[in-house]
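A.B. asks: Provided herewith is a single structure, encoded as structure tokens, for subsequent inquiry.
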Amino acid sequence: MERTCLAVILAAGDSTRMKSSKSKVLHPVAGRPMIAHVVEAVASAGISSVALVVGRDAGEVAKAASIDGVGIEAYLQQQRLGTGHAVLAAREAIAKGYDDILVTYGDVPLQTNGPLKAARQGLAEGSDVVVIGFHTDRPTGYGRLLVKDGELIAIREEKDASDAERAVTWCNSGLMAINGRKALDLLSRIGNANAKGEFYLTDLVEIARSLGGRVTAVDAPEIEMTGCNNRAELAVIERFWQERRRREMMLAGVTMIAPETVFLSYDTVIGQDALIEPNVVFGPGAVIDSGAVIHAFSHIEGAHVSEGATVGPFARLRPGADLAMGSKVGNFCEVKNGRIGVGAKVNHLTYIGDAVVGAGSNIGAGTITCNYDGVNKSETVIGENAFIGSNSSLVAPVTIGDGAYIASGSVITVDVPADALALGRARQEIKPGRATLLRQRALAIKAAKKAEA
């Protein structure tokens with residue numbers, strides 16, 4: 001029978017070191033609040049029940065933590081009296097009788113499911129408490145994990161450690177798993193007879209051992225256990241998240257010419273054999289199919305780029321942009337809520353908004369779909385194999401038929417039938433010699449102003 005598990009995520013801190021008007025767990029990593037990354041890691045470890053301990057910005061934190069497939073109940077910690085006290089804020093959830101209780105933190109967004117699963121496996125093998133630790137060459141400031149005969153005998157804080165204990169490089173991450181059937185009893189035994197008068201979760205190690213229980217530790221990569229307390233640490237976490245995800249994508253068959261200059265979001269999807277040139281930013285909701293090419297300095301969010309399509313350089317795809325196979329959106333173009341058909345070309349200096357561009361159509365440089373009248377947005381529909389001349393303005397709502405031609409510089413306000421030629425501009429006039437007169441007049445005005453000065 002599969003073991004049941006409750007994850008208790010501690011997210012009630014005051015976030016004072018973040019110097020922010022909002023809780024630190026709401027700050028984004030890869031376009032997503034860091035608390036959501038933690039819930040995702042918990043879910044990927046097979047845990048579908050979460051007790052979220054909140055304090056500051058409780059409603060916003062609970063909302064940010066919500067992801068599909070995970071049941072979350074929020075519990076308010078009224079006072080900040082230590083980690084042991086924080087876990088007991090979720091007493092009601094713990095009392096429901098889970099096999100495993102996993103305690104983690106909302107400001108550790110790089111954690112993955114491996115150490116979480118390992119901690120649960122330790123419980124399944126008979127431990128009452130399993131602490132997740134990490135090895136580091138910079139152990140100063142961390143509690144050391146002291147192990148004897150395969151069991152964790154203590155977590156020694158640095159100020160209390162001997163010289164030999166300070167030499168230990170296996171450190172406490174703060175994350176741990178607890179036997180769910182004994183959790184409330186163990187937690188209720190934590191005292192606050194210390195300098196700060198707080199209840200420390202780490203005391204569970206000695207409490208469980210004093211009751212004859214087995215306590216063990218499992219290892220996690222140091223970077224996965226990195227917590228976030230300020231903006232500098234947030235930047236470090238973002239960098240490592242990006243490096244890890246880029247590597248995963250490249251190993252899956254995505255080419256990144258200068259990966260350190262490519263920035264991904266938490267949900268970016270890029271298919272095999274896609275090519276990503278330098279200095280590309282993917283906002284949330286970007287899907288790039290196999291074989292697509294994203295040229296340098298492009299920004300893509302909420303958009304889909306099909307196989308064989310080309311974007312950029314210096315292009316922007318906004319939410320709702322959908323490029324069909326073999327289509328092209330070139331330099332200094334922006335597409336928002338626009339569908340670009342198979343083989344269609346939007347090559348330069350163009351805005352396509354709330355529009356459909358049919359297969360094989362060509363949109364000339366400087367074309368604008370005028371989709372907004374200051375109050376409402378309207379749609380432009382361009383048929384297949386149409387040709388839109390440069391510097392044209394298509395004032396929505398308007399439809400351009402299949403195979404139609406729009407003369408350069410036109411302002412189109414009326415539907416154009418299929419295979420028709422439309423011109424919407426003033427007729428050109430030529431007046432011989434008039435340029436000389438205009439020039440002489442301008443020079444005379446300039447001379448008069450100079451004389452007055």
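Positions of Cβ are set from backbone N, Cα and C atoms, glycine also.
Sharing the feature lines straight out of Swiss-Prot:
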type	residues	note
REGION	1-231	region 'Pyrophosphorylase'
BINDING	10-13, LYS24, GLN77, 82-83, 105-107, GLY143, GLU157, ASN172, ASN229, ARG318, LYS336, TYR351, ASN362	UDP-N-acetyl-alpha-D-glucosamine binding site
BINDING	ASP107, ASN229	Mg(2+) binding site
REGION	232-252	region 'Linker'
REGION	253-453	region 'N-acetyltransferase'
ACT_SITE	HIS348	active site, proton acceptor
BINDING	ALA365, ASN371, TYR372, SER390, SER408, ARG425	acetyl-CoA binding site
A.B. asks: Where DSSP helix means H, G or I and strand means E or B, what are the helix, strand and coil counts for the region 'Linker' (232-252)?
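C.D. replies: So the region 'Linker' (232-252) is made up of 20 helix, 0 strand, 1 coil.
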A.B. asks: Over the residue list ALA365, ASN371, TYR372, SER390, SER408, ARG425, recorded for acetyl-CoA, what is the maximum interresidue Cα distance in Å?
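C.D. replies: Binding-site diameter by Cα atoms for acetyl-CoA: 22 Å.
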A.B. asks: What's the CA-CA gap between SER390 (acetyl-CoA binding site) and the residue listed as 'active site, proton acceptor' in angstrom, rounded?
C.D. replies: 9
A.B. asks: As a test of the contact definition, list every same-chain residue at least 6 positions from TYR372 (acetyl-CoA binding site) whose Cβ is closer than 8 Å to its Cβ.
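C.D. replies: Result: GLY353, SER378.
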A.B. asks: Give the number of CB atoms, excluding that of ASN362 (UDP-N-acetyl-alpha-D-glucosamine binding site) itself, located within 10 Å of its CB.
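C.D. replies: Within a 10 Å radius of the Cβ of ASN362 (UDP-N-acetyl-alpha-D-glucosamine binding site) lie 18 other Cβ atoms.
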A.B. asks: Check the DSSP secondary structure of LEU10 (UDP-N-acetyl-alpha-D-glucosamine binding site), expressed as helix, strand or coil.
C.D. replies: strand
A.B. asks: Work through the binding-site residues one by one (ASN229, ASN371) and point out the residue whose CB has the fewest other CB atoms within 10 angstroms.
C.D. replies: ASN229
A.B. asks: Restricting the comparison to the binding-site residues ASN229, ASN362, ALA365, which residue's C-alpha is spatially nearest the C-alpha of HIS348 (active site, proton acceptor)?
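C.D. replies: Nearest listed residue in space: ALA365.
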